[in-house]
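**Q** Feature annotation from Swiss-Prot assigns compositional bias 'Low complexity' to 447-465, 477-494, 969-979 (among others). Sequence annotations record features per position, and here Swiss-Prot assigns compositional bias 'Pro residues' to 697-708, 1074-1083, 1216-1227, 1341-1360, 1428-1437, 1491-1507, 1528-1537. Annotated compositional bias 'Gly residues' per Swiss-Prot: 1040-1049, 1481-1490 (among others), in sequence order. What Swiss-Prot lists as disulfide bond is C60-C242, C181-C235, C1605-C1637, C1646-C1801, C1712-C1755. Feature annotation from Swiss-Prot assigns domain 'Collagen-like 1' to 440-488. Residues or ranges marked as domain 'Collagen-like 2' in Swiss-Prot: 530-584. Annotation comment: Swiss-Prot describes 607-664 as domain 'Collagen-like 4'. The domain 'Collagen-like 5' annotation in Swiss-Prot covers 641-698. What Swiss-Prot records for 437-506, 526-1560 is region 'Disordered'.
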Amino acid sequence: MEPWSRWKTKRWIWDLTISTLVLTFLFQAREVRGAAPVDILKALDFHNSPVGISKTTGFCTSRKNSKDPDIAYRVTEEAQISAPTKQLFPGGIFPQDFSILFTIKPKKGTQAFLLSLYNEHGIQQLGVEVGRSPVFLFEDHTGKPTPENYPLFSTVNIADGKWHRVAISVEKKTVTMIVDCKKKITKPLDRSERSIVDTNGIMVFGTRILETDVFQGDIQQFLITGDPKAAYDYCDHYSPDCDLTSKAAQAQEPHIDEYAPEDIIEYDYEYGETDYKEAESVTEMPTVTEETVAQTEANIVDDFQDYNYGTMETYQTESPRRVSGSNEPNPVEEGFTEEYLTGEDYDVQRNISEDILYGNKGIDGRDSDLLVDGDLGEYDFYEYKEYEERTTTSPNEEFGPGVPAETDFTETSINGHGAYGEKGQKGEPAVVEPGMLVEGPPGPAGPAGLMGPPGLQGPSGLPGDPGDRGPPGRPGLPGADGLPGPPGTMLMLPFRYGGDGSKGPTISAQEAQAQAILQQARIALRGPPGPMGLTGRPGPVGGPGSAGAKGESGDPGPQGPRGVQGPPGPTGKPGKRGRPGADGGRGMPGEPGSKGDRGFDGLPGLPGDKGHRGERGPQGPPGLPGDDGMRGEDGEIGPRGLPGEAGPRGLLGPRGTPGPPGQPGIGGIDGPQGPKGNMGPQGEPGPPGQQGNPGPQGLPGPQGPIGPPGEKGPQGKPGLAGLPGADGPPGHPGKEGQSGEKGALGPPGPQGPIGYPGPRGVKGADGVRGLKGSKGEKGEDGFPGFKGDMGLKGDRGEVGQVGPRGEDGPEGPKGRAGPTGDPGPSGQAGEKGKLGVPGLPGYPGRQGPKGSTGFPGFPGANGEKGARGIAGKPGPRGQRGPTGPRGSRGARGPTGKPGPKGTSGGDGPPGPPGERGPQGPQGPVGFPGPKGPPGPAGKDGLPGHPGQRGETGFQGKTGPPGPGGVVGPQGPTGETGPIGERGHPGTPGPPGEQGLPGAAGKEGAKGDPGPQGISGKDGPAGIRGFPGERGLPGAQGAPGLKGGEGPQGPQGPIGSPGERGSAGTAGPIGLPGRPGPQGPPGPAGEKGAPGEKGPQGPAGRDGVQGPVGLPGPAGPAGSPGEDGDKGEIGEPGQKGSKGDKGENGPPGPPGLQGPVGAPGIAGGDGEAGPRGQQGMFGQKGDEGARGFPGPPGPIGLQGLPGPPGEKGENGDVGPMGPPGPPGPRGPQGPNGADGPQGPPGSIGSVGGVGEKGEPGEAGNPGPPGEAGSGGPKGERGEKGEAGPPGAAGPPGIKGPPGDDGPKGNPGPVGFPGDPGPPGEPGPAGQDGVGGDKGEDGDPGQPGPPGPSGEAGPPGPPGKRGPPGASGSEGRQGEKGAKGEAGAEGPPGKTGPVGPQGPSGKPGPEGLRGIPGPVGEQGLPGAAGQDGPPGPLGPPGLPGLKGDPGSKGEKGHPGLIGLIGPPGEQGEKGDRGLPGTQGSPGAKGDGGIPGPAGPIGPPGPPGLPGPAGPKGNKGSSGPTGQKGDSGMPGPPGPPGPPGEVIQPLPILSPKKTRRHTESIQADAGDNILDYSDGMEEIFGSLNSLKQDIEHMKFPMGTQTNPARTCKDLQLSHPDFPDGEYWIDPNQGCSGDSFKVYCNFTAGGETCIYPDKKSEGVRLSSWPKEKPGSWYSEFKRGKLLSYLDVEGNSINMVQMTFLKLLTASARQNFTYNCHQSTAWYDVLSGSYDKALRFLGSNDEEMSYENNPHIKALYDGCASRKGYEKTVIEINTPKIDQVPIIDVMINDFGDQNQKFGFEVGPACFLG
């Protein structure tokens, strides 16, 4: 046998083997996934047009190679279609994984179920809801997933009035929706592993059972297939694009090709039916020859391109390997059969067979997604389930070499394809500016174009020789339906009927549902149509048509490009002098301007010394713009400016004159064909263009009936130009046509908009100055002008009204202290203020006279143990030397030796207080006195407050206390001012009342032990110190470091009284304490010398406007100030906002095209345009310029106490006020219970000076010191380290007073000085026996002042009671605040704290102190024992009488129940008539309890009288809890029968008497024993009845609120709309709130946004970005809501209100200027629609919320000022009220918006 014969025989056997294998695999693949899809429309008999179904045009109006459009069905709301599920799934098995495929066009804006599948129990198992937010409902036999887990595709909107191809794939636990073959969304589907869908029920089309919403719209195809991958191929296999032919033979012309292989499937697209027709078997398998295979190579590639099952990124997980066309075995088996086994249906095999038999199609090379590297062997088909398992094909020689997708076919031409050129770069978008587009006349005919490329592929060639026999085809799809059969049996559901013969069947809810199912299953007799057939194959491209006749002159074209700028025109004539422009509006605050004009003279201040010449300050803030001046003369024309940057694209200019004809362009090379774009929306017809050469076939238009070709008619007139349509997709480039003849000149176009201004003309000559015009409207803000000259001082204006509170201005410079005013009259005591922050410590005052013995203070905390000093006897008291001038700081001196011991002097009698002497100059420091002998060691005293040693400050005079003024409301705390200069000491005032104890200060650092102090007299018993034996007096040790704070020791016993020590030396000034609040003003200090100029401080925040003060007297006219330096010219301010658009001028003639000029100089301001229409209500404007101060207004009323302000900075120490009048002494209150230990307080404010103490023991006179002369002013040195204390020197002899030295710099504020010497000890009281707690007494008057102790936790404010006995020893308290200032001693170093002296004798009554701060709420005290009952109180105020209820019908008499507890006591009635038998029992006076038992809360009632209105319980106090009823008192003598009830003729029902009489008849006289109790019972019953009436029919008042307005309307249908109180949680009515009830709308409950959320005015918002939430704006915030009284609403109440609500609505009004709010007419979309944020933080928009509607959409057209009203009416209550809004359409030059937020209304 010849070699070629052997090879050919082997090859034939090989081909047969391959074919057999392929057919075997295909057959198995069909078994796996080849089940025919279920055609729902066919099963439901849509093609016979049941009720509510009609035929209409479908998805494609025309298809390639098809005359007729697709047929779809229009479904209206009358359609009621259903069928048994088994009719659709005859096998009774619904696939576990499946695809639902449908092509629909729902009615715009609808949302309804397209398919509902129920099981035999009436439970919906499957549903597809389509519309604005599609939902896939699935519930298997286990009830999974639950409804809240149904997949919701909220980002998809298929109810937009357009056709959509939707495929849903359900595989395992995911559901994927593919819309229009592009958008793919996958959601989890939480179903069971083996979920089952029952097919024993029915399927309902277009709705759900018992639901009113039905599907309305068009549907073309509706399939369910058991292949979950079919959804991915929906647009390839089931519903191809309109420009593709069906991949099977066209079903619209059914025939069987003579070459058709077996099992070619014909898909009919006529109306969504699938005709499964098997072609006749071809008996002979065609032989595949080499020629056929060679021809087939391109077809296989091309046809596989049509079955691209996803992009490479989706399915290809590794790059394909390049495989050469080697002779490897089984290429088809490896390359294709794997794909077929995966379940891909018939099309791939069909195309292989079809192309082998029909001839080939040229390879295209433009769409091959699967060809990556160029050879055919690089096809990688993967099974869908196994994306990672790659099977590589190895092509055999018989397939030939593949062609790479990248290859350009320029060298070869395969089957008539022309060479494709490379695609050119995309051109820049044209920018046509006004004046640039000048349309010329048509040019002359151009030269003939270049030879065009070869045409598109021609028709298929003749059939080739019969090929080898192909493999057996797959089994065909089921055949077409047969004739309708006889009516089938109805679906019978076995129902269990209950009841007997006389009663109808008992129907359960499920059976009723199933009956509804049966009613909807009545249209199950006719056979439904099948699915649509496949699209036909694309037809050949037609050849070029003949040249058309010359067209008529076209309409005016669009404006041409802007011409080159022409040369400047001739100089214009001088214009007339224009009128001055109108004043501009207030601009935005500019940059800091130059120095402003001098303001009006203020009130003259106190004459001060001339200060230093100030340095030049930094540039100040901008001044307010001045009024516009008269327009200046025109300046000379400036030099030509440099060229500016290209301006923005301008408006379309007027049509220019035609330009010369241009040269014909070179023909472009045909680019490759681009991918098919989506079909754009149908545009409106554009203007007719000139006839062009025929282009390639465009997108199919709507298919009309094909008429016979008519003869050419006469030339018609050009029609009117239509509106421009939307840009369609770009067509393929056509061939270059020949240039046509020049057309006739078209008519002039319409007047275009005004073009850009031309170049600036030459300056004209000055015109004649015109008359001054009237003042125009206020223009917009101009730039800030330069500072003008100072104007003349104007006349004093009249007194203006008090203006509203301005915004906080910057902090002004500190003013000088004014003169001290006369004390005003004492006002009434104000309310007690809140606890203020402790003030700064004051300067130490002089030692006052000895105070009276105070009450025992609270025990202080244990201080640190001081070093034990050597007790000396009291030395002689030296005379006080004159205060010397402050010297410079000396070096640390050595510790002096102790002085000689002095003798103790005797106590002198207390002398009378001396008159106030003049303030002497400060004397020099005395020498240390001689050391005294050691005295007896006293018991350990309380440790003192060791302070860190500061520098010694000047001793100030103590000013007299001022009179108590009216306690005003607590003002906001001001910011801390700088520390002022220290004033001269004032003279000591008379003693003031001791204030309340200050809060404890923080513990200071431990100070060094001071010098040895003089022993004092025995003090009161101190608290026991730390335990330890007392040692002998040791020598003074060196100062130790500060120890840590030790733990609090146990409470010690009272120590024995120590001797009284003399006053120690004044301690040094300590560190400044924490800043306290500003104290009351002190007296005016002497005028200090001006300090040096400080640096410029930062501008403080504006202070809050205080109340209007009293008008001060007019001061003398001040002398004119010096002229200030002229300020520098400030920088130009910011650009003002754009002015109103002027009127359009007439169009100018087109200028010659000149070169682009440089930007000219800015022209002068134009005149203001005419006044525009009334604009919409604007927001509040920016704050206007601050006006000049008017004269003082009238005295305002005293305001209410304001809220506490923020803590201000420390102000200057004010002058001390004059002494106030002494207040009356109140009785001493009882000791309070010990409060819990409070936190350490801050340092207390300076207390008033106490009365002068008794004279101390006389000390030995020291040697006189020499008088020091006034030293020079010392500079303030740095604070040095604390030196060790020196021993006290002997006092010097009083020297002559030195001269006053110059005033030094202000020193730091010192701590208060040490306390003065304690008074003599009083007798120690014994612990009294605790008495019974009495009733709360009336608050006592304030007691005499006690020593400052630690403030306990504030108790409730009470008046001071009478003095109680001294209490037992209290717990050890925390360390107290530093005491009041001690007497002025000679300056020395701080000594150790001496032992506590005994209590002094009670002093005279002190003056009343300034009211202290309000304490915080203390813990409630223990409950006292019940006191004896008081006398019967006066009757309480009558309660609010409820509205009388309607009179009820007479009820049946009830039995008398057990005697209940006594009810609320009514108001005492008039005395009743005495009974005939016996006198009534005596009225118990005074509520003395009867002997029979304990006293109940109410006393025994008085004699019954006729009922008055129900009173409140008690004597106008709050109602307490009801107590147990007391035992009844002894019964009075019996009254006549029935008389008990007579006093209650109104309150008691009529049946009561009869009922009582019947009981009396049965029970005899026993009932009379309870006459008093019965009246209380009936009163209680009546009260209960009224309460129940109020609960059933609430009145909507604050005390009787309703749950919602709907409840109120149901209770009182005649109530008008208005404001009512509601309490949704129905608890205590104290949390009720007031709402607006809209009964007209059905009882809506409405709440309102707060003032700042009501809306914003129309503005351009230049600094904000579109697409931002309003809360992110600089001036934005989240929207919040209040009740109608402006109070915030409790969150719990809002939650209850929403629980009681079925739907809620809220309106939102968007005010716009050229800005869209909802629908955009220009783009035809909702892309820029508003978005809202609901209260549940859920975003609401057009796409995801069908409950938002535009009631009026004026902003859609973007024309001028309009508004859009949007209503959110939703059953999702949590979305309302909205709390934020996103605005998307603003930012352009003319766009503005504002909005108004309406109330949120809830309807129950």
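In case you wondered, yes, glycine gets a Cβ from its N, Cα and C as well.
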**Q** I want to check the contact list for C181 (disulfide bond): same chain, sequence separation of six or more, C-beta distance under 8 angstroms. What comes out?
**A** R165, Y234, C235
**Q** Just to verify a number: CA distance, C1637 (disulfide bond) to C1755 (disulfide bond), in angstrom, no decimals.
**A** 31
**Q** Looking at the disulfide-bonded residues C1646, C1712, C1755, C1801, which has the shortest Cα distance to C60 (disulfide bond)?
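**A** Smallest Cα separation from C60 (disulfide bond) among C1646, C1712, C1755, C1801: C1755.
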**Q** If you count other C-beta atoms within 10 angstroms, which of the disulfide-bonded residues C235, C1755 is the most crowded?
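**A** Answer by Cβ density within 10 Å: C1755.
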**Q** Measure the Cβ-based neighbour count of C1637 (disulfide bond), defined as the other Cβ atoms within 10 Å of its Cβ.
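**A** Result for C1637 (disulfide bond): 28 other Cβ atoms within 10 Å.
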**Q** Could you give the Cα-Cα distance between C1605 (disulfide bond) and C1646 (disulfide bond), in whole Å?
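**A** That comes out at 9 Å between the alpha carbons.
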**Q** Let me know the model's mean pLDDT on the domain 'Collagen-like 5' (641-698).
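**A** A mean pLDDT of 63 is what the model gives the domain 'Collagen-like 5' (641-698).
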**Q** Between C1712 (disulfide bond) and C1801 (disulfide bond), how far is it from one CA atom to the other, in Å?
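**A** Cα-Cα distance, C1712 (disulfide bond) to C1801 (disulfide bond): 25 Å.
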**Q** Rounded to the nearest Å, what's the C-alpha distance separating C1755 (disulfide bond) and C242 (disulfide bond)? Just drop the number here, would you?
**A** 37
**Q** Using DSSP with the three-state reduction, classify C181 (disulfide bond) as helix, strand or coil.
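**A** Its secondary structure by DSSP: coil.
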**Q** DSSP three-state call for C235 (disulfide bond): helix, strand or coil?
**A** helix
**Q** When DSSP states are folded down to helix, strand and coil, where does C1605 (disulfide bond) land?
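**A** SS state of C1605 (disulfide bond) = helix.
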**Q** Within 10 Å of the Cβ of C1646 (disulfide bond), how many other Cβ atoms can be counted across all chains shown?
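**A** Taking all protein chains shown, C1646 (disulfide bond) has 23 Cβ neighbours within 10 Å.
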**Q** Between C60, C242, C1712, C1801, which of the disulfide-bonded residues has its C-beta surrounded by the fewest other C-beta atoms within 10 Å?
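**A** Result for the disulfide-bonded residues C60, C242, C1712, C1801: minimum number of other Cβ atoms within 10 Å at C242.
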**Q** Indicate whether C1755 (disulfide bond) is helix, strand or coil by DSSP.
**A** helix
**Q** Could you find out if DSSP has C60 (disulfide bond) as helix, strand or coil?
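**A** Looking at the DSSP assignment, C60 (disulfide bond) belongs to neither helix nor strand, so coil.
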**Q** Reduce the DSSP letter at C1801 (disulfide bond) to three states and note it down.
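**A** C1801 (disulfide bond) sits in a strand per DSSP.
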**Q** Near the Cβ of C1605 (disulfide bond), how many other Cβ atoms are there if near means within 10 Å?
**A** 30
